[in-house]
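Colleague: Starting off with a structure, shown below.
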Amino acid sequence: MSPLNASRPSSITFLLLGIPGLEHLHVWIGIPFCSMYVVAVMGNVTILAVVRAERSLHEPMFLFLCMLSVTDLVLSTSTLPRMLSLFWLGARDIAFEACLAQMFFIHSFTTMESGFFLAMAIDRYVAICDPLRHATVLTHSRITIMGAFVVCRGVAFFSPHPILLRQLPYCRTRIIAHTYCEFMAVVKLACIDTGATTHYSLSVASIIGSCDAILIAVSYVFILHSVFRLPSREASFKALGTCGSHVCVILVFYSTAGFSIFTHRFGKNVPAHVHIFVANIYLLVPPFLNPIVYGVRTKKIREHVLKVLRVKAA
């Protein structure tokens, strides 16, 4: 096969395959995916609007929740509309520059999501384990610094991805066996050895993800230790209920992300449709669950939304 013009990679158009082996189910798969996207957008926009309107919610937990909501909106919007056009309209073509942009948003904002989960775990740790110092430890300036660090980390570590891919010559098939422009799926189309590039991507994702997950686990161990020492059993159950729902969302995120990363490294025998379906869950389910777990189950947000609905109904 003749090489594609490596000196002008922007002229390349890739073809997204979707979920290999499940093409006949694309229309039906798109229905729950679209439903999750609608809930994710409405839920995260509602959280942002409520926190912005209610000054009593300008606390560390809710400020971190807003950062997470913005991340979820960008992450889901960078993937779902394009994915649905593939499932429902058969629009497989994606320009090289659009592919690189989507890849950057997916990987950098996924890293930010992980960072904000860690920031929220730190907030819960301070609030439960050292409540008297919560306001002095997590000041607005420190929250801003933590948020800026998470954003800069995501941008800094994953900006090289599109730059590296622009330098590669592409001489194999233009078909990306995926529903979106995932880094490893695109790099496999290059006609030179990409071992160093692949190693960099997997190493960065593994190190950042594992460090965040370990720190979150450690924080929740201390949280649980403090919860079980509370004198009131009712207070203990209430704290456990809150922590339990948070842990469920975090487990979904890290288990599916870990599955995707380790499948690239070791899972040569994992069926392609299983790997790609899990990779979609890893991007779509957290933005869908976060507003429900962190929003609906948070009393202050729930009460404010109900108050607004009553005023409008009256």
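Glycine is treated like the rest: Cβ placed from N, Cα and C.
Where the annotation comes from TrEMBL, it is an automatic prediction and has not been curated.
Take a look at what TrEMBL says about it:
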TRANSMEM  25-50  transmembrane segment
DOMAIN    43-294  domain 'G-protein coupled receptors family 1 profile'
TRANSMEM  62-80  transmembrane segment
TRANSMEM  100-122  transmembrane segment
TRANSMEM  143-160  transmembrane segment
TRANSMEM  207-228  transmembrane segment
TRANSMEM  240-262  transmembrane segment
TRANSMEM  274-296  transmembrane segment
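Give me the lay of the land around each of these features.
Modeller: If one looks beyond the transmembrane segment (25-50) by at least 6 residues along the same chain, the residues whose Cβ comes under 8 Å of a Cβ in the stretch are 18-19, 57, 65-66, 69-70, 72-73, 76-77, 80-81, 83-84, 86-88, 280, 284-285, 287-288, 290-292, 294-296, 301, 304-305, 308.
Counting same-chain residues at least six beyond the ends of the transmembrane segment (62-80), those with a Cβ under 8 angstroms from any Cβ of the stretch are 33-34, 37, 40-41, 44-45, 47-48, 51-52, 102, 105-106, 109-110, 112-113, 116-117, 119-120, 123, 140, 143, 147, 150, 179-180, 283-284, 286-288, 290-291, 294-295, 298, 300-301.
Distant neighbours of the transmembrane segment (143-160): 60, 63-64, 67, 104, 107-112, 115-116, 118-119, 122, 200, 204, 208; these residues of the same chain sit at least 6 beyond its ends, with a Cβ under 8 Å from one of its Cβ atoms.
Residues 111, 114-115, 117-118, 121-122, 124-125, 128-129, 153, 157, 236, 239-240, 243, 247, 250, 254, 257-258, 261 of the same chain lie 6+ residues outside the transmembrane segment (207-228) yet bring a C-beta within less than 8 angstroms of a C-beta in it.
Same-chain residues lying 6+ beyond the ends of the transmembrane segment (240-262) with a Cβ under 8 Å from its Cβ atoms: 110, 113-114, 117, 120-121, 124, 202, 205-206, 209, 213, 216, 220, 223-224, 227, 275, 278-279, 281-282, 285-286, 289-290, 293-294, 297.
Residues 19-20, 22, 33, 36-37, 39-40, 42-44, 46-47, 65, 68-69, 72-73, 75-76, 79-80, 83, 106, 110, 113, 177-180, 182, 245-246, 248-249, 252-253, 256-257, 259-260, 263, 267, 302 of the same chain lie 6+ residues outside the transmembrane segment (274-296) yet bring a C-beta within less than 8 angstroms of a C-beta in it.
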